[in-house]
Amino acid sequence: MAQISKCSSLSAELNESSIISHHHGNLWADDFIQSLKSSNGAPQYHKRAEKLVEEIKNLVVSEMKDCNDDLIRRLQMVDIFECLGIDRHFQHEIQVALDYVYRYWNELEGIGIGSRDSLIKDFNATALGFRALRLHRYNVSSDVLENFKNENGQFFCSSTVEEKEVRCMLTLFRASEISFPGEKVMDEAKAFTTEYLTKVLTGVDVTDVDQSLLREVKYALEFPWHCSLPRWEARSFIEICGQNDSWLKSIMNKRVLELAKLDFNILQCAHHRELQLLSSWWSQSDIAQQNFYRKRHVEYYLWVVIGTFEPEFSTCRIAFAKIATLMTILDDLYDTHGTLEQLKIFTEGVKRWDLSLVDRLPDYIKITFEFFLNTSNELIAEVAKTQERDMSAYIRKTWERYLEAYLQEAEWIAARHVPTFDEYMKNGISSSGMCILNLYSLLLMGQLLPDDVLEQIHSPSKIHELVELTARLVDDSKDFETKKAGGELASGIECYVKDNPECTLEDASNHLIGLLDLTVKELNWEFVRHDSVALCFKKFAFNVARGLRLIYKYRDGFDVSNQEMKTHIFKILIDPLT
């Protein structure tokens, strides 16, 4: 996402020796990445995992017979499979369980309305059922939650902190995150449960609450749904469940946890191999020797793998990381390391796909253009094989749109022009890079993507527009001070203040946060609504947006990747579970 600094507006020629990098260097030496070795991918571990899957399936069948009409047990099973990251092994069992629950689902009452003693249990079951059914694209209305309010319009809650009530409030909080635009009751539920759960964590009278439940509460508040990606959630919940002695008394739960650990480590081994290929690709390129560019190939691999981790999407992941790495190089070039005239020539070279146009530019820009062409053409050839047709014209047009948006930002900064908020956002959505980044990845997911379906998941589709908007809003709301210090006059916050002189910077920041909250709800709707787009494509786009929320949670994790981002990489990609 471009940050055009003051030196972009200089008319003097820049040369390689005069360039200073303001970013920290590569944290992941190729020797270290190539040294990653683990026996967890050995055949005996795969065999043990396969055996556990069959054992658990048999236990599920037996348990579902024993519990008869116990809906909440079915919902708990679905939830734990998903939280531990092993749900892909039990798709049939999950479908059967949710179909059963949906048959008993009452749009007015949810799952049961009983006496005061059973109300908390029913409230918990209804909230758990609502969340699971909505995420699996069943038609359920949030109006069902209105039944769990008292005469004052507040959700039922006792004055004492009891474990079953904390569990209920946690379940309601998690359900409230899967909201659509205009669902007032969901906003009320989120506000109410956030306040309640925060008080639980900060209170002193929680001796009756299991420590594992408190760990779940802490995780839910720190990593809400839109920044809790599958691999991150799986690692966290494996650790939480492993400390829950009462939960582990069940034979089935022991098997489930063993499988979750095995599965995590087996996948991590596969991800090591992909990371090693990516690191070799980077270290052997000429661009890697240009030390003023950011080197974030490992960080970008983490971005994609935390959401799209399944073995069958290996090609997609590697392509995503390569394109994201290339985009960062271009970002740095347009941001800091090129004059306006050089950038115009570079952009024209991309439009014509012609290396000769940059012959008179400094060597580092020629190396950059070669890296751009080589990477793009390599992946265009991969796309042609996967999609069984030539997509080069479509891809080149998408690159053109992206770099024209960067050039527009460079021209604004050269003229010291602050555009209107609408002008900035329209261009900023394009310069977010999501259009080109997602395009290669979607085309390399291993399934044919006809033009009519591509239009529903890529530009100009609504879900793609929302992913682009998320990227722009996340970047601008978190990076404002950094951009300002770097000399960028045009940011979402500055443009909003210019349009609304009565607003403070804090008001403008809150406006962007409000837009982001609405975008999240619209993304939820686009994700769960039924259409002709295969779910794997929607999941990919959805998780790319969610990944940004995690990576930008504390700061721009790509720009400053030596803090939380480094910890994330060790947790997901380096350190196995024991």
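Heads up, the Cβ atoms here are built off N, Cα and C, so glycines get one too.
Annotated range for motif 'DDXXD motif' in Swiss-Prot, selecting from 191-195, 296-300, 331-335: 331-335. All protein chains shown were included, and the count of other CB atoms within 10 Å of the CB of ASP331 (Mg(2+) 2 binding site) stands at 22.
Broken down by DSSP into helix, strand and coil, the motif 'DDXXD motif' (331-335) contains 5 helix, 0 strand, 0 coil. Cα-Cα distance from ASP475 (Mg(2+) 3 binding site) to ASP335 (Mg(2+) 2 binding site): 15 Å (rounded to the nearest whole number).
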